[in-house]
Amino acid sequence: MLRKVFYISDGTAITAEVFGHAVLSQFPVEFEALTIPFVETESKANEVKAQINDCFITTGERPLVFHSIVKAEIRDIIYSSEGLDYDFLNTFVAPLEQQLGISATPVVHRTHGNMNESYEARIDAINYAMDNDDGQTLKHIDKADLVLLGVSRCGKTPSSLYLSMQFGIKAANYPFVEDDMDNLKLPDALKKNKSKLFGLTIDPVRLHEIRQSRMENSRYSSLRQCRIEVKEVEMMYKRERIPFVNTTNHSVEEIATKILAMTGLERHMF
């Protein structure tokens, strides 16, 4: 039976999940996780406490409880459960109060709930990424913070969306396809925005595997075609002096982090 993990918050529980995943990923075992957001009342907290206690009785093991709860009265109820508590907010707030010389002013939903200008900027970035995905249009490319280039299925779309959702970066992306390979060059609209261009590449064998799952035994997915496209695109990157990274076996988070590090684009945290 897998060890039970609870992610609990009086907000979205995103913070508890992120911290909890980061910690648990250090251990080579699997866990069974349950996320419970918006625990905003004592009644709800007592329901969650009962779930934790029932889990302990059923499994004989204390559940791991990662939480980011602002209200002390709700937090105390979770503390009184049979779970092993990992309280991220309280762990860091008290030492910071000492260092800063001021008391914290806890507000529920402050981390991920602000409907302010920063939030609007993130929504604009997400809309931009979707409207300018896969070379749908180059009319608004001058408004991009970043333009990702690459062959089909190398990770352009997920990287663009992640950068927009996580960091508020307006990221367009443009594909190079089979028909481009005989005379591969940048469209004029991209040449005019060359400082914004960033390339993605991928191991041809891995690209072949990905394309096979999409269009099995087609010319598009053949290993030969994958090798041709990757080779031609990488040659163009070098010719045009476009920075690029290899996405093979890297998560979208890792790809985005490499892009930010290499481009120097400013992160906007929300």
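Placed from the backbone N, Cα and C atoms, the Cβ positions cover glycine too.
On a predicted model such as this, the values are computed, not experimentally measured, just so you know.
As annotated by Swiss-Prot, ADP binding site applies to Gly150, Val151, Ser152, Arg153, Cys154, Gly155, Lys156, Thr157. Sequence-distant neighbours of Thr157 (ADP binding site) (same chain, 6+ residues apart, CB-CB distance under 8 A): Asp133, Asp134, Asn173.
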Additional residues around ADP, ordered along the sequence, whose Cβ is within 8 Å of the centroid of Gly150, Val151, Ser152, Arg153, Cys154, Gly155, Lys156, Thr157: Asn173, Pro175, Leu200, Ile202, Thr247
Neighbouring C-beta atoms (10 Å sphere around the C-beta of Arg153 (ADP binding site)): 21
Count of other CB atoms lying within 10 Å of the CB belonging to Ser152 (ADP binding site): 19
Sparsest-packed among the binding-site residues, when each Cβ's other Cβ atoms within 10 Å are tallied, from Gly150, Gly155: Gly155
For Cys154 (ADP binding site), the number of other Cβ atoms found within 10 Å of its own Cβ: 29
